[in-house]
Amino acid sequence: MVLPTVAIVGRPNVGKSTLFNRIAGERISIVEDVEGVTRDRIYATGEWLNRQFSLIDTGGIDDVDAPFMEQIKHQAQIAMEEADVIVFVVSGKEGVTDADEYVSKILYRTNTPVILAVNKVDNPEMRNDIYDFYSLGLGDPYPVSSVHGIGTGDVLDEIVENLPVEEAEENDDIIRFSLIGRPNVGKSSLINAILGEDRVIASPVAGTTRDAIDTHFTDADGQEFTMIDTAGMRKSGKIYENTEKYSVMRAMRAIDRSDVVLMVINAEEGIREYDKRIAGFAHEAGKGMIIVVNKWDTIDKDNHTVAKWEADIRDQFQFLTYAPIIFVSALTKQRLNKLPDLIKRISESQNKRIPSAVLNDVIMDAIAINPTPTDKGKRLKIFYATQVSVKPPTFVVFVNEEELMHFSYLRFLENQIRAAFTFEGTPIHLIARKRK
């Protein structure tokens, strides 16, 4: 199910990131300490009153070298284009500024609900000063101290009140996949080429997210697919259409709806920071992953080229050791016929369930190979493990003390489970929990 999007907008130093972290709370996933996984948090999942939503800090998307007014204009444009609800953050300490008025005039033209959050109202005496913000013409200002958590509940109430009606669950028998990557890596050509391979019916339909185009098709075996085109990719006339900073949000929306994500890399240009950043989002979201190196026909090759590329990819994407790599050409259709079967296998891995008895046999064998660690004379005891969910496969390991489960031993257990059950192309999550 796709989540509605809430965008946080505002000039620098008004506390957007603090409010972002306060709303996201502990739902922000801990990024692995591996080079290549982004640590800047511009995207997280928020939840309030049993409603989940994607939370975007548009300030983290923008180009810091751009002129000041251009930056905040871009933020507002992104929010108006992509978000279901906009939270416009201003500073109660500084009052209304020219930049606030500039943004408010842009936001005033949108039909998207705008919530005006007056941040840094850190004591009751400051609440009397918020009324100046009525001059922005965006409705009631909400006093907030994101540092202390004061007033954030009122903002969250208003966010939930303005979220679109929840959509019905989508058909789970359909495999949904998306192609993500930098502009000009050949996503459009790959989409057209894939639709020319092993299909029975292909029909473009309006997607469930703003400006997305979904294409449904069925392969020769009767498996239904939905290919999620990056939102807005087929639109024209957008001044920021082919710039990386604006494609970030669109890629994240596509990732959110996908079961399997195809990370497309241009063989002519190699791996860039953007590739690692977006791949990190897909990994943290627990999606199935395939690394697709496109335009393979355009580069000179020898007997060592594939091995060199694979080694470089594994080095740059150390958090994607589970993701298969495939070298393709949208132009010549080289290896494209392998993609549907690969997507199906990864979808099966995402939905795989392991019986507890079989799982615990593997855990006990793993302990025999590598005994549990000790800390200050106390040894970790593993009582049993069980699978609690799929997409991605998630396992809970019940232990005597959670603190004794070092991340390296958890990683060892993950590798043993992978070796036993072949979870191709999908992350798996292991959680240590104290047995009660």
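Here the Cβ of each residue, glycine as well, is placed from N, Cα and C on the backbone.
Taken from Swiss-Prot as is:
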type    : residues                  : note
DOMAIN  : 4-167                     : domain 'EngA-type G 1'
BINDING : 10-17, 57-61, 119-122     : GTP 1 binding site
DOMAIN  : 175-351                   : domain 'EngA-type G 2'
BINDING : 181-188, 229-233, 294-297 : GTP 2 binding site
DOMAIN  : 352-436                   : domain 'KH-like'
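K187 (GTP 2 binding site) has T58 as its nearest neighbour among the binding-site residues G10, K16, T58, V121, going by CA to CA distance. Around G181 (GTP 2 binding site), the same-chain residues at least 6 positions away in sequence with a Cβ under 8 Å from its Cβ are K187, A251, M263, V264, I265, N266, D275, I278. Taking only the Cα positions, the spacing between N184 (GTP 2 binding site) and K16 (GTP 1 binding site) is 32 angstrom. In this view, K16 (GTP 1 binding site) is surrounded by 25 other Cβ atoms within 10 Å of its Cβ, with every protein chain counted. With helix defined as DSSP H, G or I and strand as E or B, the domain 'KH-like' (352-436) counts 32 helix, 24 strand, 29 coil. Applying an 8 A CB threshold to same-chain residues 6+ apart, the list for N13 (GTP 1 binding site) reads S91. All protein chains considered, the CB of N184 (GTP 2 binding site) has 11 other CB atoms within 10 Å. The Cβ neighbour count for K187 (GTP 2 binding site), using a 10 Å radius and every protein chain shown, is 23.
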